[in-house]
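What TrEMBL lists as domain 'Enolpyruvate transferase' is 13-443. Look at TrEMBL and you will find Lys25, Gly99, Arg127, Gln176, Arg362, Arg407, Lys434 tagged as phosphoenolpyruvate binding site. Taken from TrEMBL, the feature 3-phosphoshikimate binding site covers Lys25, Ser26, Arg30, Ser174, Ser175, Gln176, Ser207, Asp331, Lys358. Residues or ranges marked as active site, proton acceptor in TrEMBL: Asp331. Annotation comment: TrEMBL describes 456-664 as domain 'Cytidylate kinase'. The ATP binding site feature in TrEMBL is assigned to Gly460, Pro461, Ser462, Ala463, Ser464, Gly465, Lys466, Gly467, Thr468.
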Amino acid sequence: MYAIPFLDLPALAQIRGTVVLPGSKSISNRVLLLAALCEGTTVVHDALDSDDTRVMLAALQQLGVGVQVNGTTVAITGCGGRFAPSSAAPAELFLGNAGTAMRPLAAVLAVLGVPATLSGVARMHERPIGDLVDALRQFGCTVDYLGETGYPPIRVDQITENRQYSISVKGNVSSQFLTALLMALPLAVPSPDDQPIELRVEGELISKPYIEITLNLLARFGVIVRRDGWSRFTIQPGSRYRAPEHVYVEADASSASYFIAAGALACEGRGEDDCVRIKGVGADSIQGDIRFVDAARAMGADIRSGANWLEIRRGAWPLKAIDLDCNHIPDAAMTLAVMALYAEGTTVLRNIASWRVKETDRLSAMATELRKLGATVEEGGDFIAITPPRELGVWRAATIGTYDDHRMAMCFSLAAFNPAGLPVRILDPKCVAKTFPDYFEALLALARPRGEVPVICIDGPSASGKGTLASELAKRLGYHYLDSGALYRVTALAATRAGLSLDAEHEANIVRLIQTLNPRFDDGRIWLNGEDCGTAIRADDMGGKASQVSALPGVRAALLDLQRRAARLPGLVADGRDMGTVIFPQAPLKVFLTATPETRADRRHKQLMANGFDAKLSDLLADLQARDARDTQRSVAPLKPAEDAKPLDNSQLGIEESVQQVLSWWLALQPFAAT
Ligand SMILES: Nc1ncnc2c1ncn2[C@@H]1O[C@H](COP(=O)(O)OP(=O)(O)O)[C@@H](O)[C@H]1O
Ligand SMILES: Nc1ccn([C@@H]2O[C@H](COP(=O)(O)OP(=O)(O)O)[C@@H](O)[C@H]2O)c(=O)n1
């Protein structure tokens, strides 16, 4: 996950490969709650691990439900409808911005009469819940508003006897209200002698496919609800949730929409593998958003499907504009809005008023951000009409606001395929954690850049602070980090262990040895054939040895490819001696970092002592000067600034000041308008 203020996506050209999507949010949260309402244990497989499922699990634990998480497998030991919070005081449940937790939990607790308060983030307190509360009150539930009437936070309390068995609920704001009632009311009629409960839907029911998911899952847990059209539902007496032991969560069909769209935009080529393959969701899905496939086909996508897989290629190009009632796919319809940027003509998406009460006002957010890219957008009460930028020159490199809305962030990543070859800046990319924490990683693993992957080079002498600066820059920009010195250190370590002296006589043997090495870098650790060798390569004699092997031309050639392959999306920060001169001569920013030898020796001394190595300052200074001399005088790739490198002497600068300096140079090179 990119927990950084913004992520710059370079212009993308192509996409192909296989993606395994995380579990569906709607199914995960419904299943977790239903399992909690059963007697006994249900093992939920392939559950989504995201912000919204975490708040659900935390709430269930607070209510005394057994929860055991092991990756994407969650074992829930239910309470059979008798929650047992750990304290006698009303449970205080914080539900973030998860509508799929707030609405059903409110209904279940109210119907069971469990005293509790339910709150969330500020946006959750702007999302309506009044229609659900009105329906619950008809059933004798006690629900009070703690803030504004009609919105969370709310308090539920013991149920009264004053209940009706025919309840009406409005269907035109959010289908989650009906879902919540359908999940909660069976708890009130466990005996065959109870009365049936009739639920009447007033007005047109929106997002019907989500109700189908609910009914489908209720049946999986042993409760059959009678449905008469979409306006009347009957909860039968004798309803009891029964643990199905194992439940498999389908991959998220809404998340699939971004990869379907990407395939339709940028998966060319006719080879069998020239496609985007999605595993875990397909034609047999119970999720309404699978109907996005039809809409994408109508726009021109070439899609094949099986029971639980999809394969997408570019079909018609440019895409075809559509005019579509999107009531049945409210979430995935957002993806169509961004596909519209690549269509000929104006695309109109209708019947999407529910966008206004989601994570943000999605209608207005979508219009605002599409316009930043150069599109012409008309925004109505319940529709949006999008006309793409009329020519290449109208496209803009935009800074996209994401409104703490995962779908805004995921949708607008698709703008990186723009024909103008412009990068896209996504603000607050971590908002995707709501449903797909590794979304950008998954997309970037399959996508190819239109040009070169952006690279920042930091070269300079030993202990000038290259590694510190480069790794910090990488962290702030969400880029990969290449510590090229570590490769020479690993080579020196392996050659020394193999008993090879580090000179020209043994060059061929060292080169052969390199072919067998398989160094792996992850999370700041360095693995060599399964051994964590991070400490061994930092021993104080290893710098000098690395410097010796690095002077051998064969060694440098053998390590070239490995270094170039480190340039992966979304970008790379590389530190070393010849990053700017030899390895990445095309890099848009090269920094030559220096500090006085005394400053550097002093820094290295402190660093070694802090890491438990014993070292004498005067020896270090001498070693460092010897290394400077060897590194600058060797015949291949000597240490010297690239012609276009920016010099930075950080003798008098702290780490943060150095980072800020280079960041400001980098940001000044980007084309983003200050929007
Ligand atoms: N600008 C700076 N000011 C003070 N100390 C620094 C600065 N940059 C790096 N250091 C410290 O100097 C030491 C050497 O830095 P390092 O990044 O390992 O250098 P290099 O990769 O150039 O050999 C580290 O302990 C680091 O914390
Ligand atoms: N791109 C690079 C990186 C390191 N090296 C060599 O490898 C040695 C160790 O590199 P390093 O970056 O880990 O060294 P320090 O600067 O941290 O001391 C350097 O002294 C260089 O001789 C190189 O030749 N080319």
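Keep in mind that glycine also has a Cβ here, set from the backbone N, Cα and C atoms.
When the binding-site residues Arg362, Ser464, Lys466, Thr468 are compared by Cα distance to Arg30 (3-phosphoshikimate binding site), the shortest distance belongs to Arg362. The shortest Cα-Cα distance from Thr468 (ATP binding site) to any of the binding-site residues (Lys25, Gly99, Ser175, Lys358, Lys434) is found for Lys434.
Among the binding-site residues Gln176, Ser207, Gly460, Ser462, residues whose Cβ is positioned under 6 Å from ligand 2 are identified as Ser462. Only Gln176, of the binding-site residues Gln176, Arg407, Gly460, have a C-alpha within 10 angstroms of the C-alpha of Ser207 (3-phosphoshikimate binding site). Checked against ligand 1, the recorded positions Asp331, Ser462, Ser464, Lys466, Thr468 give Ser462, Ser464, Lys466, Thr468 as the ones with a Cβ under 6 Å from it, listed in sequence order. Cα separation, Lys358 (3-phosphoshikimate binding site) to Lys434 (phosphoenolpyruvate binding site), rounded: 13 Å. Same-chain residues that are not part of Lys25, Gly99, Arg127, Gln176, Arg362, Arg407, Lys434 yet have a Cβ within 8 Å of the Cβ center of the phosphoenolpyruvate site turn out to be Asp52, Asn97, Ala98, Thr100, Asp331, Lys358, Glu359, Asp405. Each of the binding-site residues Arg362, Arg407 was assessed for Cβ neighbours inside 10 Å, and the highest tally belongs to Arg407. Looking at the residues that bind 3-phosphoshikimate per the record, Lys25, Ser26, Arg30, Ser174, Ser175, Gln176, Ser207, Asp331, Lys358, the two CA atoms farthest apart are separated by 18 Å. Taking the mean position of the Cβ atoms of Gly460, Pro461, Ser462, Ala463, Ser464, Gly465, Lys466, Gly467, Thr468 as the ATP site, the remaining same-chain residues with a Cβ inside 8 Å of that point are Leu469, Asp575, Leu593, Ala595, Arg600.
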